[in-house]
Structures are given as structure tokens and as C-alpha cells.
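Annotated features in TrEMBL:
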{"type": "TRANSMEM", "residues": "A:20-47", "note": "transmembrane segment"}
{"type": "TRANSMEM", "residues": "A:67-86", "note": "transmembrane segment"}
{"type": "TRANSMEM", "residues": "A:116-137", "note": "transmembrane segment"}
{"type": "TRANSMEM", "residues": "A:164-188", "note": "transmembrane segment"}
{"type": "TRANSMEM", "residues": "A:200-220", "note": "transmembrane segment"}
{"type": "TRANSMEM", "residues": "A:240-260", "note": "transmembrane segment"}
{"type": "TRANSMEM", "residues": "A:272-292", "note": "transmembrane segment"}
{"type": "TRANSMEM", "residues": "A:304-331", "note": "transmembrane segment"}
{"type": "TRANSMEM", "residues": "A:368-394", "note": "transmembrane segment"}
{"type": "TRANSMEM", "residues": "A:401-422", "note": "transmembrane segment"}
{"type": "DOMAIN", "residues": "A:456-515", "note": "domain 'CBS'"}
{"type": "DOMAIN", "residues": "A:519-576", "note": "domain 'CBS'"}
Amino acid sequence: MTRADAGDPSHHGARGVVRFLGLVVLGAVIGGLAALAAVTFVAAVLWLNDLLLVSPRGRMMFAHPEWLAVATVLVPAAGGLVVGQLHRAIPERRPHTPADVIAAVQTRRGRLPPKAGALSALSGLVSLGAGASVGQYGPLVHMGASLGSAGARLLRLGRSEDNITIACGVSAAIATAFNAPLAGIVFAHEVVLRHYALRAFAPVAAAALVGHVIATNVLARGALFHVADPALPRPWEFAAFLAIGGVGALVAGAYMRAILGVGRLARRLPVAAPWRPALAGATLGVVALWVPDILGMGQETLRFATIAGAFGSVELVVVLALKLAATALCLGMGFGGGVFSPALVIGTLFGALCGTLVATLTGAQDTFVFYAICGMVAVTAPVIGAPLTSLLIVFELTGSYALTTAALASVTLASPIAAQLFGRSLFDIQLAGRGLDLSSGRGRAVLEDARLADLMSREGVTLRPETPVDEAVVTPGGAGHGEAYVVDATGRYRASVTLADLEVMREEGRGDHPVSGCPRTPRPVLGPDASVWEAMRHLQEVTGEAIAVVDEDDVFLGVVFEATIAQAFLRYSDELRREEHGTG
Amino acid sequence: MARGKRGLGRLVLILGLALGSAGPGATRSEPVVEPLTVLSWGGAYERAQARALFAPFTEATGIPVRVARYDGGLSALRAAVAERDPPWDVLDMTRSQAMAACDEGLLEPLPADIAAPAPDGTPAEEDFIDEAFGPCSLTHSVFATVVAYRTDAFPGRRPTRIADLFDQRRFPGPRALQRTPSVNLEWALLSYGVPRQELYRLLSTRRGLSLALERLAGLEDLRWWEAGSAPPELLIQGEVVMASGYNGRFFDAMVNRDAPIAILWDGQVQEHETWAIPRHAPHPEAARAFIRFATATERQAALTRYIPYGPSRHSAARRVATHADTGLDMRLHIPTHPLNAERAVTKDEAWYARTRERIGDYFRAALFPDDATTTD
């Protein structure tokens with residue numbers, strides 16, 4: 001404890017303030033860069049959409065219906081081809097997403113790879129530009145995070161600062177893209193950092209502010225959704241909003257399951273990974289010939305879904321199902337892009353459906369937009385695991401307190417139900433699939449990410465199985481250890497023996513017997529890639545002084561002492577505590 | 001006004017140099033000066049132009065100005081340019097028409113330095129409003145299509161939102177709208193509460209278009225007008241209680257004829273009115289000189305003393321004062337005044353230039369299934 005309490009002297013007093021202010025300025029600079037990148041990205045997507053006949057405006061302004069149909073199929077397919085080739089240059093063969101950002105921060109690994117970041121941004125740009133049914137906020141968040149991490153690396157800052165600059169990039173990207181600075185700040189905390197520390201808050205807020213200023217001055221776009229003085233909902237309607245939350249959680253679950261399911265199915269397809277997006281693109285294009293609403297981010301569809309009477313109920317169901325399927329197809333088959341924008345569309349369609357049903361039953365037509373917005377947050381909040389962010393986006397974009405409280409009713413049920421049934425967010429589910437379980441918080445994530453290999457020691461005493469006990473009993477004692485590890489001539493680990501057991505054998509007069517005859521202490525062994533978390537779990541069952549580390553062929557690599565594991569645990573906990581509760 | 005006179009004098013000097021002549025005196029002494037033919041829109045608009053632009057131009061250069069009437073279409077221009085003998089030197093046309101005509105090669109490209117700098121030296125590119133400079137056209141003023149209503153039609157209430165145009169329950173009575181898709185589609189979709197920034201994106205979808213057409217088809221007692229002078233007449237005669245029309249015409253009816261009408265500025269659709277020169281124009285040099293003269297800050301401000309169109313120069317907008325004949329504060333009547341422009345829509349002319357025919361087909365099919373003669 002003393003170590004943490006004494007702290008680093010540079011974290012206190014005037015020097016601490018200077019360091020802290022430096023971090024805030026860095027946050028603002030990274031916020032500015034991330035915001036400019038976001039503005040450029042959004043503008044480039046719009047430009048591509050107009051050029052490639054994806055956007056309704058571009059399609060309407062194009063005079064030849066036959067060529068329009070051809071382009072509807074060819075453009076997403078060609079986009080898929082490009083995306084597939086881009087992904088070959090990324091080590092993981094897939095675009096990086098906010099899940100990778102979360103993993104980097106939760107495990108304190110930081111250091112997002114710049115090349116994969118740039119390629120993922122490009123893949124998102126091509127996917128969105130070519131009309132794939134994917135979101136733009138995922139790529140924006142990842143781009144902002146990569147810029148933040150690059151900044152920290154450029155200035156040779158530590159992991160803790162790296163995490164903060166990543167969060168700065170994320171918050172600026174959201175603040176700019178939605179023109180909602182509070183939502184940006186909260187998103188960075190709620191989804192990426194997952195803890196609240198003043199030390200991180202100030203730089204993240206500075207980044208969001210700069211993003212907001214840039215968004216209001218450069219990106220003169222209309223709000224994502226716009227609501228003019230809605231009527232006030234009747235008291236009983238709040239029950240309906242709650243119910244929308246419950247059912248919305250199921251829609252969110254279906255959406256997440258569909259994306260993951262198509263991903264699993266795609267791996268079994270007899271088509272190589274680089275060609276899958278093209279296949280998805282062509283399929284999307286063919287369906288879009290009948291239902292163009294499923295192309296691209298679907299902002300026009302989202303807008304119409306907030307207008308009473310713009311869709312019939314059957315139409316709502318059809319477009320909702322097709323949009324969900326199209327998004328699952330595009331993301332599952334390997335297009336780059338986010339999950340948020342399609343979730344907004346699906347949620348709003350779902351809410352509109354609920355609103356239409358309620359209007360049919362009760363005639364309450366004037367509060368239609370409430371249902372649309374409630375459906376929207378009920379589906380998006382569970383998908384991105386961010387109930388507060390979703391609420392703030394509603395608040396900052398509509399400025400309506402009535403709408404925000406209605407959305408609160410839906411989120412109240414949607415997020416916990418979805419978390420119970422499916423997981424905290426799609427990102428968490430994906431990370432759990434890759435072996436990183438974030439459900440027990442950051443403390444466990446850090447320990448799960450720390451590899452045993454770094455803690456391994458070669459000081460453990462090894463014995464040959466054929467060594468006589470008399471000879472063997474001297475070796476560990478001489479080295480100051482109470483146990484030894486039996487390793488055969490081929491270097492394979494055979495057993496752990498304790499000094500006590502060897503002594504007993506000698507007392508019993510079996511000093512000339514080989515060590516292999518000694519009773520074995522049942523002892524787990526771990527691989528070098530095992531996590532500190534796993535080692536901690538095993539410590540509960542182990543009463544010795546160390547755990548042997550072996551590779552997959554049982555070759556003995558070394559040992560990890562219990563004390564080292566305990567020290568590592570304390571060190572990681574201390575670092576986390578300083579990061580999460582420190583002020584400067 | 002002394003300052004104005006001096007400014008004008010300097011302008012004349014500049015113009016004289018631009019024309020390569022020795023100034024107004026020299027021009028005047030020449031025996032025959034061929035008149036400059038300007039194609040304009042007639043009515044109160046043309047009268048205002050005559051007082052603020054044409055007469056001063058003749059006074060300054062000695063070149064008489066002859067005015068021809070414009071019907072709004074491109075067919076006459078197309079035919080005249082094909083003959084290589086257009087009878088006009090300068091065209092006063094909407095920017096969307098100018099863009100379409102420019103694309104077809106019917107217009108002379110304008111030199112980049114056609115406009116004079118502001119009196120305080122601000123370069124023209126900074127002084128003009130955004131997108132005023134086209135390859136073949138220069139915006140000289142901003143006019144708006146607005147809804148006007150009879151002030152005595154709805155006792156105790158008055159329309160405040162464009163959606164009220166379609167609300168015949170609260171605002172009963174016949175309406176009059178222009179027989180074109182443009183402006184009507186915009187208003188119809190705005191009435192659903194969509195934000196104006198997204199208007200044309202949403203109108204580009206099948207869903208948006210059909211929602212707008214449905215709203216228009218739902219209007220009862222609807223009169224369609226074609227000539228710009230019709231809507232004030234219909235309102236004055238009490239044949240309709242709400243009508244769409246050009247803000248200048250309504251102003252003229254209110255001021256000069258004491259018509260009991262008021263303008264609903266919400267949802268006004270702004271358009272740029274431009275000067276252009278037809279290809280093979282008989283006097284291109286004089287035409288360019290005229291455009292430079294007519295778009296000078298001084299002249300733009302002068303025009304707003306006769307007709308309430310928003311000047312395309314910031315320096316001119318700051319000089320908007322009172323009506324020349326009645327002393328009315330003109331700032332309240334020009335479409336670009338901040339109070340009036342709060343929820344203005346700028347017509348997306350690029351969109352119309354590319355979609356005009358298809359949108360026209362949809363419009364006719366939905367609202368005039370029996371005939372196909374609607375012009376746009």
C-alpha cells in the first residue's frame with residue numbers, strides 16, 4: 001500500500017498541475033485532429049454516395065433507369081471486392097472496430113496499430129461509399145482512437161496517457177459526428193474507458209469541445225433527427241415506452257445474433273474471405289432494386305420513420321426485417337463499418353411500428369415521434385452498450401426534455417434485459433468470442449491480458465528423474481527453495497516434488513531410489529500464453545511456492561513463483577487504481 | 001445622397017474605361033448607338049429595373065436599353081442560338097434556368113472579373129453571397145416564392161407555419177398554387193415536419209415524393225396559376241384565401257393597391273435571379289458593361305428602393321433603406337432579412353436542373369392525370 005500512497009511526486013503540486021494541463025492541451029489537439037478526420041470522412045462518404053448513385057439524391061439526379069439498376073448491383077459488389085483486398089493487408093484479416101479500441105483500453109495495452117487503423121478507416125470509407133448497409137460511427141470512433149494512440153506514441157507517453165488520448169479521439173469523433181459534445185464525453189467513458197477519473201475527464205472533455213466547435217463551424221449539416229415541439233405524452237404512454245424498452249432489447253438481441261450468426265455461417269461458405277464482401281454486396285444490390293431503403297446508412301429511412309403515416313405497418317415490418325438482414329449480411333460477410341447507424345434505423349422503424357400500433361388502438365397520433373425515438377434508443381443502447389450516451393444523443397439532438405425522459409423509460413428496461421440475455425454490448429460479445437471477458441470489469445481484463453511469460457523465472461530447481469534421492473535432496477535446499485521440478489532428458493516436465501517428500505524418502509531409507517519414485521505433488525502446469533488471471537485462479541489450489549510453465553509439448557520453460565504472481569496482481573491493481581482514482 | 005452621386009461618378013468613369021471609349025461624353029456624341037436589348041420579366045419588376053438600372057445605365061453610357069419580355073422557358077433561347085441570331089444581349093433569368101442553359105451551351109461564359117469591387121474596396125468574390133458566381137451567370141438578387149393570405153379570411157388567427165397552407169380545417173378556404181412541381185413539393189414535404197436541410201434528399205426518395213404529392217392532392221378548392229401576376233389578383237378578388245407567388249408581386253399589391261393581404265414568410269423558397277449573356281449576342285461588350293454596372297453596390301441598393309428583392313452583395317444589403325414612393329422600411333420586406341429568412345429554403349437548382357423532367361412527369365401523373373400540357 002505504501003507505494004501507491006506515496007505516489008509519484010511529479011503527480012502532486014505545481015509540476016502535477018503542469019503535467020495535467022499538458023494532458024488537457026494534448027486532448028484538445030487530438031480532439032481537433034480526430035474531428036477534422038471525422039469531418040473529412042463524413043464528407044467523403046457523402047461525396048462517394050452521390051457519385052456512385054447510392055444516395056437517393058444521386059439516384060434521383062441520374063436520368064437513366066436501366067443504368068441505375070446496373071449500378072445498384074455493381075457498386076456494392078465492386079465495393080466489396082475492394083474491401084476484401086484491403087483486409088488482406090491487415091494482420092487479423094478483418095477491419096478493426098471499436099471492439100479493438102475497448103480491448104486496448106480495458107487491458108491497458110493501448111498502442112493501436114496505425115497501419116491497421118488506416119486500412120480499417122479506408123475499408124469503412126469504401127464500404128459506406130459503395131452503399132453497404134453498415135454504420136459510419138464505428139469507423140469514426142476507431143479512426144479517432146487510432147489518432148489518439150498515435151499521438152501518445154509520438155510523444156513517448158506511458159500506457160495510462162495512451163488510454164486517455166485514445167478516449168480523447170473517441171469522444172471528439174462522436175462529438176463531431178453527432179454534433180453532441182456531452183454524448184461524446186459520456187460515450188468515451190461509458191464504452192471505452194469504463195471508469196471515471198478526473199484525470200481522464202478533463203482531456204476527454206477538451207477533445208469533445210474542440211470537436212463540437214469544428215462540427216458547428218465546418219460541418220453545416222442538419223441534425224440527425226429533428227423534432228418540432230412534440231406534444232406531451234399522456235401518463236399511461238410511459239408504460240408503453242417501458243414496454244418498447246423490453247421488446248426493443250429483443251430486437252437488439254436479434255440484430256446482434258444475426259450479425260454474429262452470419263459471421264459464423266460465412267466462415268463455412270466455400271468462398272474465400274476476400275471474396276465474401278463482394279458476394280454480400282451483389283446480394284444487397286439485387287434486393288435494393290425493390291427496397292432501396294436498405295442501401296447505405298439509411299438516413300432518409302430513419303427520417304421517414306419519425307413521421308407518422310410515412311410507412312404503413314406492413315411496410316415497416318418488411319423494411320425493418322430487410323434492413324436487419326442486410327446489415328447482418330454486410331457485416332457478417334466482412335464489409336468494414338459500424339453497427340450503430342443501422343441500429344438507429346432498425347430501432348426507429350421498430351419504434352414507428354409500435355407507434356402505429358398504439359395509434360391504431362388508441363388514436364394517439366400526436367405523440368408518434370416519441371415511439372420512434374423510444375424504439376431507437378431501446379435498440380441502439382443495448383447494441384453499443386451505452387444507455388447514457390443514447391439518452392444524451394436524444395437530448396442534444398432534439399433539445400427536448402420530454403423526449404429524453406420518454407427515452408429514459410425505454411432504456412431503463414432495454415439495457416439490463418439485453419445485458420442479461422445477450423451481453424453488455426455487441427463489442428463485449430465479440431471480445432468474449434476472442435477470449436477477452438469484460439463482464440467482470442477492467443481489473444480482470446487487465447489480468448487476463450497479462451501473459452505469464454513475462455513473469456517467468458529460470459531460478460526453479462530441476463532434477464532428472466533418474467537422480468538418486470540422496471543427491472536430489474541437497475539441490476533445492478542448497479538453492480534456498482523448498483521444491484524442485486522433475487524434467488527428463490528430452491526436457492519434458494514430469495512432476496513437481498517437495499523437499500519435504502524427498503526428506504521423508506531419505507528417512508525411510510530409500511535414499512538410493514531415483515527421484516521418479518517420489519510421491520508427486522498434484523500441481524497444475526500453465527502455458528507461457530496463460531494469463532495472470534488464470535494463474536491467480538490456480539493459486540487457490542496450489543500450496544507450493546511456484547507453478548511450472550510448459551509449452552504445448554510439455555517442454556519445461558521455467559516457473560512462476562507465487563510471490564511474483566501476487567506482486568504482479570498488486571502492481572496491476574495499483575496502476576488501475578491510480579489511473580481510475582487519480583486526479584492529476 | 002452626395003456620397004451616392006460621387007460613387008456613381010466614379011462608376012461611370014470605370015465603365016467608360018471598361019468599354020474602351022473616352023467616357024460618357026464621347027459616347028453621347030456618336031451619331032448612332034445601337035440599343036442594348038435586355039430580356040426581363042415585365043410588370044412591377046421591370047418598372048423597378050427601368051428606374052434603378054436601365055435609365056441610369058443609359059445616362060452613364062449613352063446606350064439606350066430596350067426591354068423584351070421573358071416567358072421563363074428555354075425553347076425560344078434554344079431556337080435563337082441555333083439560328084446564331086439571338087435578339088437579346090442580356091438575359092435576366094433564374095439560376096436554375098441559367099445553369100441548364102449554360103450546360104446546353106446557350107450562354108456566353110462570363111469573365112471572372114465581371115463584377116466591380118464594393119465601394120470600400122472589398123473584392124467582389126467576398127462581397128457577393130455564396131454561389132452567386134456561375135460559369136455563365138451572376139446572381140444579382142434573391143427573390144422568394146411565398147404564401148400570401150387575405151388578412152380578413154381567418155378571424156382571430158393567422159397562419160404562422162407553411163403547414164397551415166395544407167390545414168384547411170383551421171384555415172378553411174380555396175388556395176392557389178403555381179402549376180409547377182417546384183416550391184409546391186418543398187412545402188408539401190415541409191408540412192410533415194421534415195427539416196429544411198434534408199428537403200431535397202428526402203424528395204429524392206420515392207417515399208418522400210409520394211408523401212408530398214399526396215399532400216398536394218389532398219387540397220380542396222385548389223386553383224392552379226401560371227402567370228406571376230395571377231396570385232395577387234386571385235387574392236384581391238377574394239377567389240382564394242391563400243396563394244403562392246413571388247414576394248415582389250405581393251409587395252406591389254400591398255403597397256400600390258392597398259390589397260388586404262399579408263405574407264407568410266415561413267418556408268419561403270429563395271431563388272437566385274441572375275444576369276447572363278446569350279451565345280452569339282449582338283453586343284457582348286455592352287452586355288458585359290451593363291452587367292458590371294447593374295451589379296454594382298450602388299445600383300443593387302437602388303433597386304431595393306422600388307422592389308423588395310434581396311441584393312446579392314453584402315455591401316448592398318447593408319444599404320437597403322426605404323421605399324422610394326411610400327417611405328416604407330424595405331428591410332422588413334426583402335426575403336433575405338434575418339427575420340424573414342429564419343426558416344427559408346434555398347431552392348436546390350442543381351437538383352432541379354437534373355431532375356426537372358422526371359419530377360414534372362411524377363407531378364403531372366399524380367395531379368393532372370388527364371392532360372400532359374403542364375409547363376415547368
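Every residue, even glycine, has its Cβ placed from backbone N, Cα and C.
Here the structure is a predicted model, which means the values were calculated and not measured.
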Q) What are the helix, strand and coil residue counts for the domain 'CBS' (A:519-576) according to DSSP? A) 23 helix, 16 strand, 19 coil
Q. Helix, strand, coil residue numbers for the domain 'CBS' (A:456-515) per DSSP?
A. 19 helix, 18 strand, 23 coil
(Q) As a test: from A:67-86, A:164-188, A:240-260, pick the stretch that has the greatest number of Cβ pairs under 8 Å with the transmembrane segment (A:401-422). (A) A:240-260
Q: Could you give the residue numbers and ranges of same-chain residues that sit at least 6 residues beyond the transmembrane segment (A:304-331) on either side and whose C-beta is under 8 angstroms from one of its C-beta atoms?
A: 127, 132-134, 225, 227, 254-255, 258-259, 261-263, 277, 280-281, 283-284, 287, 291, 293-294, 298, 337, 339, 342, 345-346, 348-353, 355-357, 359-360, 365, 368-369, 372-373
Q) Out of A:20-47, A:116-137, A:164-188, A:200-220, A:272-292, which stretch touches the transmembrane segment (A:67-86) the most, going by CB pairs under 8 Å? A) A:272-292
Q. Counting only pairs 6 or more apart in sequence, are there at least 3 Cβ pairs under 8 Å between the transmembrane segment (A:20-47) and the transmembrane segment (A:272-292)?
A. no
Q | Model confidence over the domain 'CBS' (A:519-576), averaged pLDDT | A | 83
